[in-house]
Amino acid sequence: MDVYIQRSTVCQRGLFTPCLVTLQTWQQLLHDGHSWARISQRVVFRNSLWCTKRRCCISKRRSEVPRATCDAPLDRLHPGSLSALPGMASSPPNVLTPLARALSHHQLDTAESNEVVSPRNAQVHPCRRRQLTSCGSFDGTELASSPSVVEARVLVLNTGGTIGMTLTDNVLSPKANAFVQILRKLPILHDEMYAQQTCMYDYYGSERTLVLPLSKTKKRIIYTIIEYSPLLDSANMTPDDWGRIGKDIEKNYESYDGFVILHGTDTMAYTASALSFMCEHLGKPVVLTGSQVPIYEMRNDGRDNLLGALLIAGQFVIPEVCLYFYNKLYRGNRVTKVDAGSFNAFTSPNLAPLATAEVDIAINWDTVWRANTTVKFQVSTELNRNVGLLRLFPGITAATVRAFLQPPMEGVVLETYGSGNGPDNRSDLLEELKKATDSGVIIINCTQCLRGTVSTSYATGKVLMDAGLITGGDMTPEAALSKLSYVLAKEDLNLDAKKKMMGQNLRGEMTADLAGAKFSLSDSRFIQVVAKSLSISCKEELEAIRDALTPSLACAATKIGDIEALETLKEMGSNLCLGDYDGRTPLHIAACEGNLKAVQYLLTIGATVYAKDRYGDTPLCNAVHFRHKDVVKLLRKTGAHFSRDELEEAGSELCSLVVSGDLEGLEIWSLAGADLNKPGYDGQTAVELANAAGKPEVATFIHNLLNKKVMTAFSGLNDYDEYDEDEENGGGIEFAASPAEREPQPLCPVAK
């Protein structure tokens, strides 16, 4: 009788996933690079599968074979008993082959693994690529086992720029097909040992995928590089290229945790501003970076800039388009280039950096902009090009202004003096501006000064407002021009609505007028009591108390559904998106408890659905685990999705649900975006297993779910309509098919 080995891995969520393989294939699996650690191996017969979650046999494969199991882990069996297993009888009782030693120990020694493992050029099943941690190391290397290490995926779009240029004929120009090879040679930007040990290249199917060394926060950042063809000097960048970048982000949005865009510095501020408006309801970090000196040079700023951008995009959920340069992270629509020859080339004149990378990376969470919406991410590539910048100067003629404002001009950013002033003794000039605004041209008043804002304190500023100009506040010219192009492209809005939109703070591009709404921490009675007991009075220490107490207080309030307490914490200036000591945010707690009102409130104040706790779980994972269907619907509507690894593991989880006849579990996994046709470890899909196990009602239920998915996809429903209950068909759920996991799909040619 054939004997099987049952392997049960402990995944990052602490759940057990069963796998059935033959002894004949076990050695092949080890040969393919699978030296699992901390696994539970059990002997079972062909007709049954031991489930470590339910501690019972859960499937029957061959009815003619008696149902039986042996619940003794192999590592507890006497070494001599292993000789009874097929393929091991030739070994003396106390002399084990490398395969037998592998089966009888929790960990595979280095010497033993070398005899059976060939990590490169192996075909690796995605679910079986082991993840490494700093726990249980030997010889300075890392072993797979602990859930303390979380992998994050980042997509790098290499559009060109100085960072990848080489010196040819005494001039710098982009060089294709060389950037990845250079990065592979830099240990600070690629850990080749980790890539080899985990068969990373086979798993991701691309030599363009690299991995950073383990970070201080115990994260592994795996990044894939798409190289545009042709590579562009940023001086050649156009709105068409902005649209291409935006669409690449949208195409791969669910496959990655963050995005890095390599870009030339000359027009980087324009691209960052444009993308900030084009990316609507953004929930993940998009970081632009580049360098002043090519990364190929011995002394350059490219290595630090790229490393910092990758660490921020992979470790922190900052839902903004940002720009990282010279150890600082800026809001993308707040920056301008101020130095052509210094590594410190950019500044954000009217807003402090979102983060600084010094000894530690310090995030200014109070400054981070959040969408405050439950609408899914999308990219708007429609931009109006009939816009321009006009700078006032002493003696400018009315004819010059008149010529500039002629059709097809639809929007102008007028750079004025000081705090938004212009000559009030030039009636000819003011008349041309008034004629233009009356004819429908939108003119934005921005200051020529690097810092400061536009106001109407002076008579010379008020006359411009009387001429129909819209105050631009403290927007940079780059942001004002991009915003104007974005708003004018909204064909569903009339002129008045567009003017109103230009005066609103859409993406944090201007400082909102919060007069009369300022709050002091000293106004909080709770903080006063805590501060008094600790003899604290200064602002910095009060803020430290708030930041330390807020996550735990917010999670506790969410646990009992006290939304009023959450509102009070919010009024105190607390950030309700921060996690506690386990990285669990209030949204995690609300998803676990199934408190739909709390989930709705947290989403409307900017809580992110992409936050991960120390085990790598998102709020969606928690909602699925605790079977809260309404919460899953809302999170999915907001853009929540499973990671690539979670989608790959879904096949085995679905098979387990089939065997136990758990229809509710199947439905909620489908609702969360799992592919019902995903095979488990043994290659069977959920439907195939249901038929083999004699569960026709389960197979029918799965077919109904699949049919509803196809109907929804062809009916043209969007993600806002996809979660309607269908009582006439057994209470099934209509949902659109989630995008299949895929390698990055650029919309432009990719260099091979």
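Cβ from N, Cα, C; glycine included.
Any TrEMBL annotation is an automated prediction that lacks curation.
Between the stretches 423-452, 723-752, TrEMBL puts its region 'Disordered' entry on 723-752.
Counted within 10 Å of its Cβ, the other Cβ atoms near THR265 (active site) come to 22, all protein chains included. Counting only same-chain residues 6+ beyond the ends of the repeat 'ANK' (582-614), those with a CB under 8 A from a CB of the stretch are 147-148, 150, 257, 283-284, 317, 319, 370-374, 551, 554-555, 557-559, 561, 563, 566-567, 570, 576, 620, 622-623, 625-626, 628, 630-631, 634-635, 638-640. Helix, strand and coil residue tallies for the repeat 'ANK' (582-614), in that order: 17 helix, 0 strand, 16 coil [DSSP].
Confidence over the domain 'Asparaginase/glutaminase C-terminal' (386-502), given as mean pLDDT on the 0 to 100 scale, stands at 95.
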